[in-house]
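One structure is given here, and the rest of the page talks about it.
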Amino acid sequence: MGDFNLALVIVAIVVCILVFIVNVYLLINYQHPDDANQAYFPKFVVVFGLSVAAISILMLPADVANRQACQHAIYNGACNLTLPMKQLWLAIYIVDAILVFFVIPFAMFYYEGDQDKTIAKRLKSAMCWVLVTAIVCALLLGILYGLAGKADFTVRHLSSATTSFPNSFDFNNGQQCIGNGARQCSAYSASASSETTWTMRATFPEYVVALATIVGSVLFTIFGGVGIACLPLGLIFSFIRRPKAVITRSQYIKEATELGKRAKELKKATDALHQEERSGSKGRKWRKNVKAVEKEVLLLEDDVKALEEMYPQGEKAETAWAMTVLGYLAKLILGVLGLIVSVAWVAHIVIYLLIDPPLSSFLNEVFIKLDDIWGLLGTAAFAFFCFYLLLAVIAGAMMIGLRLVFVTIHPMKWGATLMNSFLFNVGLILLCSISVIQFCATAFAYYAQATAAQEIFGHNLQSLRGIKYLYKYNVFQIGFIVLAGLTFVYYAAFGWRRKKPSGRFQLSS
């Protein structure tokens with residue numbers, strides 16, 4: 001048993017190193033050329049935040065493997081080299097909360113600060129914003145922990161009379177206990193009035209994790225519910241709306257002229273906003289116009305890319321068109337595979353979580369059978385389903401951001417992602433990763449039973465005052481399913497239509 005545990009520790013260290021390397025690779029290839037050789041602190045926060053998010057997702061499979069390493073031990077402490085998973089869970093999520101509520105906002109305020117100011121003034125401004133945030137969060141946490149930081153457990157008080165020790169034992173279905181009375185133990189014959197509530201105060205780290213999970217669960221329910229449907233359907237309908245053939249040169253000139261007019265209008269609007277910013281009139285209308293311009297720029301970039309696909313130029317025009325066709329075929333294949341995973345997720349939530357008692361353990365049984373085939377196969381499938389939820393969250397945030405004016409969007413584009421977009425998405429991933437783990441620990445409770453995650457996210461979290469009712473009545477799961485269904489209906493009704501070109505862009509007055 002000791003060798004297996006040592007191997008588990010080695011695997012955990014190797015995985016952490018690989019996660020760090022992959023995140024550095026993503027940063028280098030996604031960053032905007034304007035951020036090259038600068039903004040080193042935001043880049044460090046991005047790499048560190050992505051690593052924490054990825055490791056937190058991988059910790060649940062590690063927790064399951066950690067439990068299996070000690071499955072033959074009489075008690076968990078008998079396994080000397082077992083990973084201290086409960087301490088690791090609390091540590092990773094305290095770091096997660098610090099990054100989301102303090103470090104990432106500081107990096108964003110500093111990065112988005114007025115470039116005309118000195119570094120000292122930008123640091124001072126960012127520190128003031130973070131200090132205000134820290135004071136507000138500390139007050140809220142302190143008040144909530146003092147008033148409601150207790151867990152209520154429902155227990156049953158059992159008692160029975162004493163009897164002489166018998167010379168022989170004869171137990172069966174009708175005779176379950178010693179004695180000649182009701183022939184049933186107190187656990188069976190106890191009245192409903194024997195139930196009582198046992199109250200204990202939760203530890204402060206566990207309460208911080210619980211509140212962060214609630215905040216993340218709200219975002220996860222909205223973005224994840226929308227994204228679980230729009231992620232695969234967006235790829236499939238992108239294939240349906242694909243360009244069927246190369247357009248003529250005259251068509252290309254006409255479309256390019258229209259795009260040029262839109263670009264000039266956006267340039268004029270951007271200059272007007274810069275002028276307002278310099279004059280100091282940065283009110284609500286100004287921020288609304290900035291978001292509108294950002295979304296219009298994204299739509300313009302998409303239209304330019306679509307035009308380039310329909311009319312490839314240069315010596316390798318035929319090769320570019322062939323790659324475009326293959327790219328849309330790849331989207332179709334990934335969309336179909338993603339749709340299968342999304343349907344499996346929705347079906348599992350309904351079958352295992354919403355119906356009481358569950359009709360089947362479904363994906364839990366799948367993971368267990370995959371583990372029987374090869375030790376890490378079920379663990380890998382389990383990690384994939386958890387990561388898929390994070391991808392759904394990002395897809396849902398993008399879809400909602402493009403359609404709602406009050407939601408700021410931060411797209412991730414290969415070779416064209418600014419650091420503020422990086423930081424925003426890392427914060428969203430970190431905040432939702434807590435909820436993804438809690439959601440997976442609940443959805444796959446049979447596969448992840450007797451783990452440290454079950455203890456933190458199952459028993460303690462779902463017994464906290466006020467919070468427990470959200471889980472008792474499956475509020476988040478029901479909201480997730482409803483939003484997924486509405487998004488599916490939306491795509492079925494409108495997803496196949498081609499996007500109409502937007503009219504002339506004007507700032508709101």
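Cβ atoms here come from the backbone N, Cα and C positions, even for glycine.
Because TrEMBL annotations are produced automatically, they should be read as predictions rather than curated entries.
Some features that TrEMBL has for this protein:
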- 6-28: transmembrane segment (TRANSMEM)
- 40-60: transmembrane segment (TRANSMEM)
- 90-111: transmembrane segment (TRANSMEM)
- 123-148: transmembrane segment (TRANSMEM)
- 207-240: transmembrane segment (TRANSMEM)
- 249-310: coiled coil (COILED)
- 332-355: transmembrane segment (TRANSMEM)
- 375-402: transmembrane segment (TRANSMEM)
- 422-447: transmembrane segment (TRANSMEM)
- 475-494: transmembrane segment (TRANSMEM)
### Query
Roughly where does the coiled coil (249-310) sit in mean pLDDT, to the nearest integer?
81
### Task
Tally Cβ pairs under 8 Å between the transmembrane segment (422-447) and each listed stretch (6-28, 90-111, 123-148, 375-402, 475-494), then give the stretch with the top tally.
375-402
### Query
Residues sitting near the transmembrane segment (90-111): Cβ under 8 Å, six or more positions beyond its termini, same chain?
39, 41-42, 45, 48-49, 52-53, 55-56, 59, 122-123, 125-127, 129-130, 133-134, 137, 205-206, 208-209, 212, 419-420, 423-424, 426-427, 430-431, 433-434, 456
### Message
Using Cβ distances below 8 Å and needing 3 or more such pairs, separated by at least 6 in sequence, tell me whether the transmembrane segment (375-402) contacts the transmembrane segment (6-28).
### Response
no
### Query
Who are the chain neighbours of the transmembrane segment (207-240) in space, where the CB to CB distance is under 8 Å and they lie at least 6 residues beyond its ends?
89-90, 93-94, 96-97, 100, 141, 144-145, 149, 328-329, 331-332, 334-339, 341-342, 345-346, 389, 391-397, 399-400, 428, 431-436, 438-439, 456-457, 460-461, 464, 467, 470, 476, 479-485, 487-488, 491, 495-496
